[in-house]
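Data block below; observations after.
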């Protein structure tokens, strides 16, 4: 037996080696760079160690705050729309009185945008939302909804709204499936008992569905926050990749990418990566705590 | 009862409208891919045009989308296979054997699952430069060997479905540990491998930021990077060709989804309820 146990080291060796070299080492390397003014070119030896200067810059950098609030605003609007549709659909399809058919068909149709490459989606919408020749303006004009073409991607509010709605379009199907799974896990007995006790639809929703659905809601919320904070592909490809219009699409990862790879500022880019990491941890922890504290 | 029927009709109508809204962008993409640039500039229509082949010629003269397709396929398949095989091997070792650092490794997994992928991006770029593997697929593929989340998922799966007595019986019959991994453990893990495999494949296929940073040669571009390059290329002045390029990157995935949708959706359901 002991002999076999020793073989375990052999089995985990590829994982451990690759993990240390390609996962953990780059993370530590990035941290080290965050303490230097390394440009990314000419080797780290030519860079100076500058201590926490980059972090001091980070907490006073108004573009970082702009990127943070842009990211949160876009994620928040996206999440509201996405959850409103997803929860609405999940409630409709699980209603014991309505008995709707075709769940699996609708689930598949609504989920489809989620597996399409985001880069392709971003490029598609960059031309669909074009001011002069974009499909959306052409359609709205010919339907008579608008008289003048709207310059969607040149207006900060519209541009952020567009990113949020594209995100909601891509993700509501996923949330619908997950919520649906959660609701179908709730025992039918609760609802039947509530019906006998004369509870109305809203009371069943508030006192049975919502509390029972809490772990699933938490799961959807946390995965959505972690994904939302990393928003990059859409803002990168929807406009000029530098946050246009007027910095409205400057998100945290886009800012990181531009600092490191467009402006050759590895040191500060690395600091931004750690700033993003810190924010992700805080958000996940806060979400987790508030969702579970209300229970007790 | 009549009221119920009426609200059901209303709901179905709403659902169909939602489906239409969901598919309009794709529909416009496909229609415009068949129309000449001049017509697209003039307005929109729901009827296909006859310039599909002209658009294709324009597109292909600037950018070999099929090459991007093959590149993405190569990377995604390599990643999926390595991810599945080595995660299974690691999970097997974690479940079956007793060794030092076992718990330390497990705790590391849990922590790593919360770390955003971008945290080590700059370090990965620099490491690749040092190793001389920048502008190759190695930095995209090798990290798939160490995928904490997949190992975690496989470990949970093995704990609930595998009886240790199977291995003991194998040992009595004289089978080696490696042999048992290939002949007993991998087949047991197959449903879990399929579930994670689909998501690993989609994740790799859609990955944009890592190949954007690592890959420089246009010949090596993966599809998402190629999409990014498309908007800055001469193709951008011919909207029909642009739409076609996007369509080529999107339609095959839609077709694949048609065949796999049942499986993908039940995987999401399983993943969320267990996780």
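Along the chain as shown, the residues are counted starting at 1.
Even glycines carry a Cβ here, placed using N, Cα and C.
Keep in mind it's a predicted model, so treat the numbers as computed, not measured.
The transmembrane segment annotation in TrEMBL covers B:12-31 (among others).
Positions annotated as domain 'ABC transmembrane type-1' by TrEMBL: B:69-260.
Sequence annotations record features per position, and here TrEMBL assigns transmembrane segment to B:73-97 (among others).
Feature annotation from TrEMBL assigns transmembrane segment to B:104-125 (among others).
Per TrEMBL, the feature transmembrane segment maps to B:137-159 (among others). When Cβ-Cβ distances below 8 Å are used as the criterion, the transmembrane segment (B:137-159) is approached by residues 74-75, 78-80, 82-84, 86-88, 90-92, 94-95, 108-110, 112-113, 124, 127-128, 131, 185, 188-189, 191-193, 195-196, 200, 204, 207, 210-211, 214-215, 220, 222, 271, 274 of the same chain, each at least six residues removed from its ends.
Residues 76-77, 79-80, 83-84, 87-89, 91-92, 144, 147, 150, 153-154, 157-158, 161-162, 166-167, 170-171, 260, 263-264, 267, 270-271 of the same chain lie 6 or more positions beyond the ends of the transmembrane segment (B:180-202) yet place their CB under 8 Å from a CB of it. Annotation comment: TrEMBL describes B:180-202 (among others) as transmembrane segment.
If one looks beyond the transmembrane segment (B:240-260) by at least 6 residues along the same chain, the residues whose Cβ comes under 8 Å of a Cβ in the stretch are 26, 28-30, 32-37, 40, 49, 51-52, 54-56, 58-59, 63, 65-66, 68-69, 198, 205, 223, 226-227, 230-231. Per TrEMBL, transmembrane segment is recorded for B:240-260 (among others).
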Task: Long-range neighbours of the transmembrane segment (B:104-125), counting only residues six or more past its ends (CB under 8 A) - done: 94, 134, 139, 143, 148-149, 151-152, 209-210, 213-214
